[in-house]
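Undergrad: I have a structure I would like to understand better, so I am pasting it below and will then ask my questions one at a time.
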Amino acid sequence: MGVLRVYVILILVGFCVQIVVVNSQNLTCNSNDLKALEGFMRGLESSIDGWKWNESSSFSSNCCDWVGISCKSSVSLGLDDVNESGRVVELELGRRKLSGKLSESVAKLDQLKVLNLTHNSLSGSIAASLLNLSNLEVLDLSSNDFSGLFPSLINLPSLRVLNVYENSFHGLIPASLCNNLPRIREIDLAMNYFDGSIPVGIGNCSSVEYLGLASNNLSGSIPQELFQLSNLSVLALQNNRLSGALSSKLGKLSNLGRLDISSNKFSGKIPDVFLELNKLWYFSAQSNLFNGEMPRSLSNSRSISLLSLRNNTLSGQIYLNCSAMTNLTSLDLASNSFSGSIPSNLPNCLRLKTINFAKIKFIAQIPESFKNFQSLTSLSFSNSSIQNISSALEILQHCQNLKTLVLTLNFQKEELPSVPSLQFKNLKVLIIASCQLRGTVPQWLSNSPSLQLLDLSWNQLSGTIPPWLGSLNSLFYLDLSNNTFIGEIPHSLTSLQSLVSKENAVEEPSPDFPFFKKKNTNAGGLQYNQPSSFPPMIDLSYNSLNGSIWPEFGDLRQLHVLNLKNNNLSGNIPANLSGMTSLEVLDLSHNNLSGNIPPSLVKLSFLSTFSVAYNKLSGPIPTGVQFQTFPNSSFEGNQGLCGEHASPCHITDQSPHGSAVKSKKNIRKIVAVAVGTGLGTVFLLTVTLLIILRTTSRGEVDPEKKADADEIELGSRSVVLFHNKDSNNELSLDDILKSTSSFNQANIIGCGGFGLVYKATLPDGTKVAIKRLSGDTGQMDREFQAEVETLSRAQHPNLVHLLGYCNYKNDKLLIYSYMDNGSLDYWLHEKVDGPPSLDWKTRLRIARGAAEGLAYLHQSCEPHILHRDIKSSNILLSDTFVAHLADFGLARLILPYDTHVTTDLVGTLGYIPPEYGQASVATYKGDVYSFGVVLLELLTGRRPMDVCKPRGSRDLISWVLQMKTEKRESEIFDPFIYDKDHAEEMLLVLEIACRCLGENPKTRPTTQQLVSWLENIDVSS
């Protein structure tokens, strides 16, 4: 009987559930909700898939079935509704590729509980009415492009989640934020542009568990009221400008599990309160100004898993109680002032996997106890004064799980051990650079089949490069530069599997600390945050290698950098090198190479740095988009080369003797050819005459063909001028040729990204710059004309104006206004004589002008224009040093040689944003990234990248960011312009530059924000 009752109950429950489901599916929108959704839809730039939009009849009324919408009946919500309509309670439209504005009509959805629009491209401001929805529980607008001030009048009594992470809100965080949020659990305002201090009223959010304020411009100290948030489990304050001491009241946050205060300006001692924080598993305080010893409570924390105190001024001995710290997995204490020996008890921290002790002066050896360090996977002792490399390697080989080992700048002038019994079976990354080590490449490395990255550069290693390196199938980065290796390049290196195809690509190890490479007393270091940041590279430069360059190098399609500079290589440059389709840098300079430069190299569409200087090459220099951008220095020291970067090429006259002999041998062939040609010509003329007579007799003339012919004839002789009010003031191609001496090399004033630029003085005395776009532009004449006319309409005081265009042979000529002071690149990097370089006021004015020009292209010009190649050489200066952007929009006029390279990917190494490596679509935020690099050039006076340099900072961005985290900003700035009077202004510009360089495009500012920020910087007199 009991069983029967259960069955009856189950049947009834199932029946009721079915009724509820049926009723839910049949619900239709309340008329007010329907209008609100219509208003929301009209604010978007495109329709939503799954929404039944009908222009003629408005919406389909059955909106409760639409994608992303959940409804409840008005009765179930306790509403008095005789029609029992469906009320919208959830709007879940995250990751729907939405763009446009968030309509204020959404605020009319008065029963809405969840509004989730995360990861779209919505923009504009947030209406204050949206923050007065009394039933709203979740508001997630994260990862969009919303901007403006955040509304200060907030009345959301039911709200549990407020997430506006990764937008562009600015101004103060509203002081009243927490006044009417009694149920709030999560507040995430990170990755915006909020400034000022953390409001005192934050303490009123008594129920909050997650508080994210990271990556803003917040300053001042942490308000004491924040430490009243006893429910707080996550506090994220990193990447701001917060300062002052860290209060001991921190211990009141007893539920805190994650605390990140890194990259701020906190100072003083770290409070000794960690025994009270017995749930804290993540603590990062790196890149602050903390001093004193590590708190004992921190060294005895049973809960800590990740501990990062890198880049402070902490002192004393490193002490960790591994008996207590049973959960510790990652330890980063690098760049501090600790003293004493390496803690020998660390292997007793049984879960510890990654250790970074870089830049700590131990002056000691690696403890014998490390043989028992079985949990260790990543270890860095870079620049830590470690001694006895033989002992170190013998001990560390016993760490069976070790995958990453960095020992740079230690063991000075010791000998790299060659004991064949050494084994590192799981090692993936080995960096022992800048140690002046003696010896050879040790055979024991062949016992590391998983090796992906090997850097033994800047040592004194000798002998030959072993062929077995080519059998390391995972190796994608090999740097043996600046040693004394001899012999041929092993042929086996041309078959490295990880460089042949993407199918053989390997997953990079990801330790929790940065790598520092090639750092010694002569130059700053180059930082890589992950092994995957290293470009696929073979660098054998600055050795004594001989023999030829293997043609099979062309099989390495994934290789980005091939540097064979400063060796004794001979023979020809193989044409097969054009197969390295991903190559960005090719340096073969300072060798004994002969023959010509293979024309096939023009197919290397990504090639940004190229040098064959100081060899024995001859013949014409290839022409093409990439080769026209390389400086003359790339080809100097080769007397036999000719072309646009060297002396003009001429047809060599044969000697009289040789000519006479050839003439006697071929006289019969010449007579035969002449007779045959004559007869053929007579025949063709006869046929042509008959066709003309036949056509004329019929009176047939194709007007369209005649118009095309006339247009081509006109285009080849005349110059189309824009904005020319004087119709009598015409310009002909003859005028252009005369003004440039038929494009004589002496008139070249620049090598732009799309062709050579010539200076010309027109018959009326006007100076102009003429850009010669060589080769096929990939467009018909009419398409080209339409594009050029569009560009000519871009008129702004900070743009180089396009004055006209014409055809010349197979080339297109663009005529621009002339800028007397040349490029910013010249003034920052090339000017060596005359008056001093640009002062700070001028540099700031140039930055402002360039920003205004870019903002015009992005926001005011119709149609909007992406520049795609912002760099210092594309910022030209007038006689009064007013900045003018050049080369905007030219990417649409040029098609590269390879079809796999789109016009969107045009750019210059050092300026290309990181996301362009994964996508083929250029964006406005990509231009902003490149502008950030230019700001760094203005601040530092340094080029963004010079991969071919054997020393120095190759990557300006990495160097600046590292110096910034170490609070060494004053060392970043160009000494010519840096002084205390301008320090604050320069720091502000540096902050703007770093904003532009954010890895996530959505976190970068708009160009209008750039203009506003730069204009608000007051220049000291």
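One is the number of the first residue shown, and numbering goes on along the chain from there.
Glycine is no exception: its Cβ is also placed from the backbone N, Cα and C atoms.
The N-linked glycosylation site feature in Swiss-Prot is assigned to Asn26, Asn54, Asn83, Asn116, Asn204, Asn217, Asn321, Asn327, Asn383, Asn388, Asn592, Asn632 (among others); the stated evidence is sequence analysis. As annotated by Swiss-Prot, repeat 'LRR 2' applies to 85-109. The repeat 'LRR 6' feature in Swiss-Prot is assigned to 181-205. What Swiss-Prot lists as repeat 'LRR 14' is 402-426. The annotation repeat 'LRR 20' is assigned in Swiss-Prot to 581-604. According to Swiss-Prot, the ATP binding site annotation covers Ile749, Gly750, Cys751, Gly752, Gly753, Phe754, Gly755, Leu756, Val757, Lys771.
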Undergrad: Between Asn321 (N-linked glycosylation site) and Asn327 (N-linked glycosylation site), what is the CA-CA distance rounded to a whole number of Å?
TA: 11
Undergrad: Tell me, how many other CB atoms lie within 10 A of the CB of Asn388 (N-linked glycosylation site), whichever protein chain they belong to?
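TA: Other Cβ atoms within 10 Å of Asn388 (N-linked glycosylation site): 15.
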Undergrad: Identify, in sequence order, the residues in the chain of Asn217 (N-linked glycosylation site) that are 6 or more apart from it along the sequence and have a CB within less than 8 Å of its CB; answer 'none' if there are none.
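TA: Long-range Cβ contacts: Tyr193, Phe194, Asp195, Asn240, Arg241, Glu991.
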Undergrad: To the nearest whole angstrom, state the Cα distance for the pair Asn204 (N-linked glycosylation site) and Asn116 (N-linked glycosylation site).
TA: 25
Undergrad: Six or more residues out from either end of the repeat 'LRR 14' (402-426), which same-chain residues have a Cβ under 8 Å from its Cβ atoms?
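TA: Result: 358, 376-390, 392-394, 396, 432-440, 442-445, 447-450, 455-456, 459-461, 509, 511, 515-520, 531.
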Undergrad: DSSP-wise, what's the residue breakdown of the repeat 'LRR 20' (581-604) into helix, strand and coil?
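TA: Taking the repeat 'LRR 20' (581-604) as a whole: 5 helix, 7 strand, 12 coil.
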Undergrad: What does the structure give for the C-alpha distance between Asn388 (N-linked glycosylation site) and Asn592 (N-linked glycosylation site)? Integer Å is fine.
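TA: Pair distance, Cα basis, whole Å: 40 Å.
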Undergrad: Which one of the glycosylation sites (Asn204, Asn592, Asn632) has its C-beta surrounded by the most other C-beta atoms within 10 angstroms?
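TA: That would be Asn204, with the highest Cβ count within 10 Å.
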Undergrad: Based on Cα distances to Asn632 (N-linked glycosylation site), point out the closest of the recorded positions Asn327, Asn383, Asn592, Val757.
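TA: Given the candidates Asn327, Asn383, Asn592, Val757, the nearest one is Val757.
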Undergrad: Compute the average pLDDT of the predicted model within the repeat 'LRR 2' (85-109).
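TA: Per the prediction, mean pLDDT sits at 92 for the repeat 'LRR 2' (85-109).
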Undergrad: Given a 10 Å Cβ-Cβ cut-off, pick out the one of the glycosylation sites Asn116, Asn321, Asn327, Asn383 that has the most other Cβ atoms nearby.
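TA: Counting Cβ neighbours within 10 Å, the top one is Asn383.
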Undergrad: What is the three-state DSSP composition of the repeat 'LRR 2' (85-109), stated as helix, strand and coil residue counts?
TA: 5 helix, 10 strand, 10 coil
Undergrad: Of the glycosylation sites Asn116, Asn327, Asn383, Asn592, which one has its Cα closest to the Cα of Ile749 (ATP binding site)?
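TA: Of the glycosylation sites Asn116, Asn327, Asn383, Asn592, Asn592 has its Cα closest to that of Ile749 (ATP binding site).
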